[in-house]
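Novice: For reference, the structure I am asking about is given below.
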Amino acid sequence: MKIDILTLFPEMFSPLEHSIVGKAREKGLLDIQYHNFRENAEKARHVDDEPYGGGQGMLLRAQPIFDSFDAIEKKNPRVILLDPAGKQFDQAYAEDLAQEEELIFICGHYEGYDERIKTLVTDEISLGDYVLTGGELAAMTMIDATVRLIPEVIGKESSHQDDSFSSGLLEYPQYTRPYDYRGMVVPDVLMSGHHEKIRQWRLYESLKKTYERRPDLLEHYQLTVEEEKMLAEIKENKE
């Protein structure tokens, strides 16, 4: 996968040199290039200006973004604008982006964008219902969530299939050694070696956590007969 990032602050992306994303780059599975669009600004390197019609704040000018975009070697990229008014990013969106060969992220700053910049864009995406100073942190979050889904980046596909949201449910509790730590012990079922009972316990705990913390996820989740029975028991125990 090739990712190009248009930003005023390339140095903010140093975390992408480490961990899973960094390893993907080392393996040659990922190429990330940064483009400081201030370098393409014509008016004394000014990238922003006052909005027509008045109003508070400054807008990113179209010219530096367009010229930086035109300079990128590309074929058929997915172009993502980080915008609080965009569609909310989620695991399904990450899975969709992971299928692409080319991504371009446009990271804004200031009050907003000249609307004409959006003619370059295929996707306007937001992390959530809050406003960040710029798009850089949002872009890094989306890149991390997307890159880890690329085949061969993590290794076993099952490593991320059990993650929260990948299955549609929140992830079940997990434990490692020692068995007893400060009086907190590992559930006996996980020590039993009985694979079917362990599967049932994990499914029950996933449903329980999802029902308690993110019941909205269950509105779009297709329950199996087994899951319906478990969820009914969970609700009954909560009453």
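Cβ atoms are placed via backbone N, Cα and C, with glycine included.
This is the feature table in Swiss-Prot:
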- G108, L127, G128, D129, Y130, V131, L132: S-adenosyl-L-methionine binding site (BINDING)
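Could you place the listed features in the three-dimensional structure?
Specialist: If you take the C-beta of G128 (S-adenosyl-L-methionine binding site) and look for same-chain residues 6 or more apart in sequence within under 8 angstroms, you find Q88, F89. Under the three-state DSSP scheme, G128 (S-adenosyl-L-methionine binding site) falls in the coil class.
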Novice: Taking the residues G108, L127, G128, D129, Y130, V131, L132, which the record names as binding S-adenosyl-L-methionine, find the longest CA to CA distance and state it in Å to the nearest whole number.
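Specialist: That value is 17 Å for the farthest Cα pair.
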